[in-house]
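K.L.:
Below you'll find the structure I mean.
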Amino acid sequence: MGDSVAIEASARRRRAARRSASLMPEDGECAAACGSPVAANISRVNGRTKRDRSLETTSKTERKRRTCDPSERLSCHKTQDSLLSSASGYNKYRGILNWCVVMLVLSNARLFLENLLKHGILVDPIQVVSLFLNDPYRWPAACLVIVANVFVLVALYTERQLSKGSFSERLGFLVHAINMGVLITFPAAVVLLLPSVTPVGGASALSIYTILFLKLYSYKDVNLWCRELSSIKVKKLSRSLSCPSQQHWSGGDCKVSYPGNLTIRDMYYFVFAPTLCYELNFPRSPGVRVGFLLRRLCEMASEHLKAPAHRPLFFTQVLVALAQQWMVPIIRSSMKPLEDMDLSRMTERLLRLAVPNHLLWLMFFYWFFHSSMNFTAELLRFGDRQFYNDWWNSETVTYFWQNWNIPVHKWCLRHFYKPLLRRGFSKKVSQSAVFFLSAFFHEYLVSVPLRMFRLWAFMGMMAQIPLAWFVGRFLRGNYGNAAVWISIIIGQPFAVLMYVHDYYVLHHRQEVDGL
């Protein structure tokens, strides 16, 4: 009797426990209701687990249905898009890119082999020296570069006198104007009047003088802005802004204030720094990385560190060899079609010249804007290394000119474009003025060394204005990028052919007639 009562009571307790367990929420749900973050995560995990189980059940049911349905078992098609269709969402085209590279290498290898079979080996390293020097005992271009120091010292002296009040602003402006005017005209007169200056040597010297002109212009402007700031806010400025005392940055370098920046050391640091825009305090890197410096040096001109001793890699020599072996024969064979105005053969020569000219331009870009400028910046601990941006992704002509040469773009924006806007000129007029200035210097660097004035470079730069309008208005995305690439690849060899033709006609008429 007692045993039966105890068994019945135990059974009732078990039934009550099962009913209470069925009514209670799971651990994750209870903790989530109580506001516990950990419990909320448990609840989400449990929810995902339930969804996964339901999806597995559904997929199993679907597979079972297909197995039972004969038409489903025999089906091999489903609704889907082609991979090359934009609706497919497929974007793995690395194999196609590799194919393009292989085809490019093979096609250019054929052209190179054809060039060797037709012309033989034309590379002559000794001939490169004659491009810079006619007489090994007379270096007129190098002498021009040495004389450039006079203009640097005149600019520094003028700024020192202005800071002390010995020169008035009007007199200082006049001295700067004369100094920079002579800076532009003096080397051009020497190159034009001195026959011993070669075209390559003259172009190199004029390039240095042009860079120096832009630097001194920026130097003049920034020091003028410092004086204006001092005169306007003289009562509010602290002592560090009105005298040449020095403050230390967190990195240990000295912060220079006007007129404490007017020293020979500061001036020549700016002259050699890879920038055209002057600042009193440039961003500085913590130190010189020897490994980085050596890599850039090897890319510029010296032997590659990983190559054997008998296999030197001279980047400069590669550029010259490419021009001697590939470009010169094409240019020489182009003289006769240009003389006869044979448009079909002229077009064929232009397209043949486009490939080596473009390769040469790309190699020069890497050599100058990456290797050389990074080497100089590392040596001087110059912190701003943005010498170029992603110009290869340019979808407009304007974007290309803003990003392929950042130092020039910064100078134009800071010292030319924005001052024109502040004077009331519109954006279109200011942009056109920037292109005009660039066109002038392009023509200056080409026509003066060649001692002839044909304005091909000037017209090529000014043609960028309507081209920029057309591409920006009618082409977008990949079409705009393709238009920019075409203008780069075709425009440059066209100007090269025009200048070389005119140069040969003026200076080597008999050689042209014999082609």
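The chain as shown is numbered from 1 upward.
Glycine too: its Cβ is placed from the backbone N, Cα and C atoms.
As listed in TrEMBL for this protein:
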- His442: active site (ACT_SITE)
- 52-69: compositional bias 'Basic and acidic residues' (COMPBIAS)
- 45-69: region 'Disordered' (REGION)
- 96-113: transmembrane segment (TRANSMEM)
- 139-159: transmembrane segment (TRANSMEM)
- 171-194: transmembrane segment (TRANSMEM)
- 200-217: transmembrane segment (TRANSMEM)
- 350-369: transmembrane segment (TRANSMEM)
- 453-470: transmembrane segment (TRANSMEM)
- 482-500: transmembrane segment (TRANSMEM)
K.L.:
Excluding near sequence neighbours, so keeping only residues 6 or more apart in the same chain, what lies with its CB under 8 A of the residue listed as 'active site'?
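P.N.:
The residue listed as 'active site' has long-range Cβ partners Ala457, Phe458, Gly460, Met461.
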K.L.:
Is the transmembrane segment (453-470) packed against any residues at least 6 beyond its ends, judged by a Cβ distance under 8 Å, and which are they?
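P.N.:
396-398, 401, 431-432, 435-436, 438-440, 442-443, 445-447, 487, 491, 494-495, 498-499, 502.
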K.L.:
For the transmembrane segment (200-217), what are the same-chain contacts with Cβ under 8 Å, counting residues 6+ beyond its ends?
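P.N.:
Distant contacts of the transmembrane segment (200-217): 131-133, 140-141, 144-145, 148, 151-152, 155, 176, 179-180, 183-184, 187-188, 191, 270-271, 276, 278, 408, 411, 415, 441, 444-446, 448-449.
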K.L.:
Go through the chain and flag residues at least 6 beyond the ends of the transmembrane segment (482-500) whose CB is under 8 A from any CB in it; none is fine as an answer.
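P.N.:
Contacts with the transmembrane segment (482-500): 331, 334, 338, 346, 349-350, 353-354, 357-358, 361, 394-397, 400, 446, 450, 454, 456-457, 460, 467, 471, 475.
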